[in-house]
Number of protein chains: 2
Amino acid sequence: MSNLKKEILSLLDRERFISGQNIADMLGVSRTSVWKSIKALKEEGYSIESVTNKGYHLKNPPAYVNPTALSMLISQSSLFDRVEYFNTTPSTQKEAFSMLPESNDTFVVVAEEQTEGRGRFDRHWDSPGRRGVYISLVLRPDIPISDIIRFNLFISLAIAESIDEAFGVETGIKWPNDIYIHGKKVCGFLTEVVSESGVINAIVCGIGINIFKDDTVGKIPTAISVEEAAGSHVYMDLDLFMKTFMGNIEVYYNRFLNEPFSRIRQDWIEKSVIFGRQLRITESGGTFHGRALDITEAGFLEVLDDDGNIRKVISADVEL
Amino acid sequence: MSNLKKEILSLLDRERFISGQNIADMLGVSRTSVWKSIKALKEEGYSIESVTNKGYHLKNPPAYVNPTALSMLISQSSLFDRVEYFNTTPSTQKEAFSMLPESNDTFVVVAEEQTEGRGRFDRHWDSPGRRGVYISLVLRPDIPISDIIRFNLFISLAIAESIDEAFGVETGIKWPNDIYIHGKKVCGFLTEVVSESGVINAIVCGIGINIFKDDTVGKIPTAISVEEAAGSHVYMDLDLFMKTFMGNIEVYYNRFLNEPFSRIRQDWIEKSVIFGRQLRITESGGTFHGRALDITEAGFLEVLDDDGNIRKVISADVEL
């Protein structure tokens, strides 16, 4: 049943109109099976029209990460073995961590809603139902743990470029863990690692993106949604976004494994919002002001502080 | 009650003989309380004699890690906030991981028995009841994740020296994760790390030491217990061992935070069993033969393989 839904969705995506009989013939199933699958897809949120003498027609994809479309993407992915889908969950990151010991699989955890979404330093991340993308990626590279710091640099470019490409906006990367639009946060991500004796056992990368306008997120003065930034003329196609996103994750993850940061350094710096302005930086040791000079090969931020000292920062709150 | 037990144990440890009345007077409690605590300590395994006209006398400490003695040690430790004690548990490492999200505490998890003890690569580690030390240390240094690889080098010296000092044997370190006596494994340890965005959130270091002769462990041809190695003339004092061990962990952990590996390099190499002999090394990429040349500052093993190439190894099976 699940495979049939995917195949039908794939046909609907390819053809403007296709009859139920044609679908049944092409997939070698009964018309009743086709009808049942179409009904299930509609219940999942797809707007499928039935036009007399023409057949079925996919009007537009659903306004949330659709499980059928996602499992199609994952089945084509060379990175991930499987997907875990939740209508609601405390946190995709928490789910991912609890599944780690079960196998050595790579997988993605996606939820329509998180009740306890969190960002860095255990800060709350609003995750209202069907208003955003809430996803955790579980990857298992066979590399020394010291290589992980560069991961965020590669992955932040993948996320930022995906949002730009799919929704026609222009994001900026706020080192170390946020994506911004118009000076406000549209996305936060968090890379957690479990390692064993100096070697990575699993990377668990949680990503939250505010996609649609929402009352909860809308009340936060420092937050913005893609929809607000894109304007009402842009059609918010989450299937397209997820396709772009999974593709970019694959590209940038492979680059992370095979290339030094210097190969993406220029792209990253151009996409960054922290250069050329006064920053307020809070580390566990305290707060200071300064200007970003560079990102080192290992992923440390180099800052010229107001006393003229060059400081290397690895994990910090950066305020513009 | 728990505090009273500790205080009585401390008095018994200091004095050769001490009367119940004296204990009651010194601690400002009733004789009944003293009697009850002594009874409880006996039930925990302490051999406390009552000699007429002389008073109580501590014959010898129990042949397992005693919860009262351990909590005394931890209360004096500057590294750990608390101790979690289990008579039996699947694995101290598993318990430690499940407790991580509850707080930012540092703590130790100790069990008299593990039913699912495991070493590297999820290999089983036999942990029969009251036959060994099974402990996980949870530490929370505020350092970049890239610093962690050196941790094992410092901690292996701490463990090896503690076994030597407390039991009068001579151990050797088998890089990366074992302690050997007479060419057989007496201890394995496993350092797992949880990190967030390039910074360590927690180090969870699990250590299993075969202390007493045991039928299960005794059947493994590559394993040995401290008792077998020490010989029957050595009195196996686990209280003394734990005192030595906790002290050494504190010393070497502080050195790990503040010193480069070069400061302990010579000590480490002298304690190592891998130099000057042919090694068989299995990595995820395959197996090769060679000789150890050095350990790098970061903790990688440098090997001259039989084809004359110098290889750097980070996580591997090393066979002598």
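Using the three backbone atoms N, Cα and C, a Cβ is placed for every residue, glycine included.
Counting residue by residue with DSSP, the DNA-binding region (A:20-39) contains 17 helix, 0 strand, 3 coil. The feature DNA-binding region is assigned by TrEMBL to A:20-39.
If you look up TrEMBL, you'll see A:Gln114, A:Arg118, A:Gly119, A:Arg120, A:Lys185 marked as biotin binding site. In the three-state DSSP reading, A:Lys185 (biotin binding site) counts as strand. For A:Lys185 (biotin binding site), other Cβ atoms within 10 Å of its Cβ number 20.
Predicted-model confidence for the domain 'BPL/LPL catalytic' (A:78-257) is 93, expressed as mean pLDDT. The domain 'BPL/LPL catalytic' annotation in TrEMBL covers A:78-257.
In sequence order, the binding-site residues from A:Gln114, A:Arg118, A:Gly119, A:Arg120, A:Lys185 that place a Cβ under 8 angstroms from a chain B Cβ are A:Arg120. Of all residue pairs in A:Gln114, A:Arg118, A:Gly119, A:Arg120, A:Lys185, the annotated binders of biotin, the farthest apart have Cα atoms separated by 18 Å. Using a 10 Å radius centred on the Cβ of A:Arg120 (biotin binding site) and all shown protein chains, the other Cβ atoms total 19. With a 10 A radius on its CB, A:Gly119 (biotin binding site) counts 18 other CB atoms from all the protein chains. Here the DNA-binding region (A:20-39) has Cβ contacts under 8 Å with residues 1, 4-5, 7-8, 11, 48, 55-56 of the same chain, all six or more residues outside its ends. Taking the Cβ of A:Arg118 (biotin binding site) as centre and 10 Å as the limit, one finds 19 other Cβ atoms among all the protein chains shown.
Other Cβ atoms within 10 Å of the Cβ of A:Gln114 (biotin binding site), summed over all protein chains shown, number 25.
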